[in-house]
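Step one of this worksheet: look at the structure below.
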Amino acid sequence: MVSESHHEALAAPPVTTVATVLPSNATEPASPGEGKEDAFSKLKEKFMNELHKIPLPPWALIAIAIVAVLLVLTCCFCICKKCLFKKKNKKKGKEKGGKNAINMKDVKDLGKTMKDQDDDAETGLTDGEEKEEPKEEEKLGKLQYSLDYDFQNNQLLVGIIQAAELPALDMGGTSDPYVKVFLLPDKKKKFETKVHRKTLNPVFNEQFTFKVPYSELGGKTLVMAVYDFDRFSKHDIIGEFKVPMNTVDFGHVTEEWRDLQSAEKEEQEKLGDICFSLRYVPTAGKLTVVILEAKNLKKMDVGGLSDPYVKIHLMQNGKRLKKKETTIKKNTLNPYYNESFSFEVPFEQIQKVQVVVTVLDYDKIGKNDAIGKVFVGYNSTGAELRHWSDMLANPRRPIAQWHTLQVEEEVDAMLAVKK
């Protein structure tokens, strides 16, 4: 008995110890990392089990996964872009506000600029003009002349003595000067000096006479114009000057030098038009010119009319072969003639001849002045060449055409050209 109870007492403590140890093991908390790993492994296990249940091959599953990833990435990209766009709009708004904001420095600068402009307006200067220096006047040379009046014969005597320091208008560094002298306002009578070749200091020593009653002289102006002669084109004006007759003392002879001024640009004077027909018969070698009419002729007489008639010259190589004239039509600027003239021209010569038509104003006392001139045939151009060509293309048929009259000197220069 004693031994049994002793054994129980000895065995009891270990039982109690075990009991106390077990509870401590059971209630010990699990670490957070271990819990998460268990949850993830459970989800993975579950997901894999579900995948195994789907009746699809592995490659199809991979494709679906890739598409899903792409969709996610696209969504992310769109969200980012939207955010960036909003930021940019905000920035723009700030900049706009900055631009519209008034800068006091700019206002001051603007005020200063406006003040400068007002100052310029008062003085009448622009920026370019402020810096520009006054240009020197172009020197055109000078002319020495003399004036006298013959009271006994009612004549104005104009002497063209010499010119000096003329500008060079020709290629060789010289000019071919001559002087034109006329009275305004009528311009009816014009005089010209001889042409002096290749010189800038010509000596003329020529005198011209205008028959003008002294009572009418005060209302006239004398013009002296220096020209450069050109054989093949229009003569260039070098310079001119005007002398009002009411400023001249005719109690003695006036002799002086005057500087040439730039000539006023004169409009091409209208001289009028003429209509004539041409007819050529090659077999007979006969050229017929019919002067039909003229219109709007230049006024040549004091009464504002003219006494026009027409001269026709047949020319070859600068020589006048034949000359014909119409009748004179009195006091008219629109004469009607209808007069026919014939010339013998062999067929082999027709391409070498020229028909020169000149309208003149008849004057009983003095020289008959040319109103205007035109020529057809060899070396002609424009409307004149077309008229001649039409005549040759239509033998035996009269071809009529209107022509504009040209200045006599210009036509003569063209006739002098040899091709």
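One-based numbering along the chain as shown.
Cβ atoms are placed via backbone N, Cα and C, with glycine included.
The Ca(2+) 2 binding site annotation in Swiss-Prot covers Leu169, Asp170, Asp228, Asp230, Asp236, and the record cites sequence analysis as its basis. Residues or ranges marked as Ca(2+) 5 binding site by Swiss-Prot on the basis of sequence analysis: Asp301, Asp361, Asp363, Asp369. For Asp301, Asp307, Asp361, Asp363, the entry in Swiss-Prot reads Ca(2+) 4 binding site, with the evidence type sequence analysis. Residues or ranges marked as N-linked glycosylation site in Swiss-Prot: Asn25. For Thr126, the entry in Swiss-Prot reads phosphothreonine, with the evidence type similarity to another entry. The phosphotyrosine annotation in Swiss-Prot covers Tyr227. As annotated by Swiss-Prot, region 'Disordered' applies to 108-139. Taken from Swiss-Prot, the feature topological domain 'Cytoplasmic' applies to 81-419. Marked as transmembrane segment by Swiss-Prot: 59-80.
The subset of binding-site residues (Leu169, Asp170, Asp228, Asp230, Asp236, Asp307) lying with their Cα within 10 Å of the Cα of Asp363 (Ca(2+) 5 binding site) consists of Asp307, given in sequence order. Sequence-distant contacts of Asp228 (Ca(2+) 2 binding site), defined by Cβ-Cβ distance under 8 angstroms and a gap of at least six in the same chain, are Leu169, Asp170, Ser175, Asp176, Pro177, His235, Asp236, Ile237, Ile238. Taking Tyr227, Asp230, Asp307 as the recorded positions under consideration, the smallest Cα distance to Asp361 (Ca(2+) 5 binding site) is found for Asp307. Taking a C-beta cut-off of under 8 angstroms and a sequence separation of 6 or more, Asp307 (Ca(2+) 4 binding site) has the following same-chain neighbours: Met300, Asp301, Ile328, Lys329, Lys330, Asn331, Thr332, Asp361, Tyr362, Asp363. Of all the Cβ atoms in the protein chains shown, 14 others lie within 10 Å of the Cβ of Asp170 (Ca(2+) 2 binding site). Proximity of Asp230 (Ca(2+) 2 binding site) to non-local residues of its own chain (separation of 6 or more, Cβ distance below 8 Å) is seen for Asp176, Asp236, Ala413, given in sequence order.
Each of the binding-site residues Asp236, Asp301, Asp361, Asp363, Asp369 was scored by the number of other CB atoms within 10 Å of its CB, and the largest score is that of Asp361. Asp369 (Ca(2+) 5 binding site) sits 21 Å from the residue listed as 'phosphotyrosine', taking the C-alpha atoms as the reference points.
The Cβ neighbour count for Leu169 (Ca(2+) 2 binding site), using a 10 Å radius and every protein chain shown, is 19.
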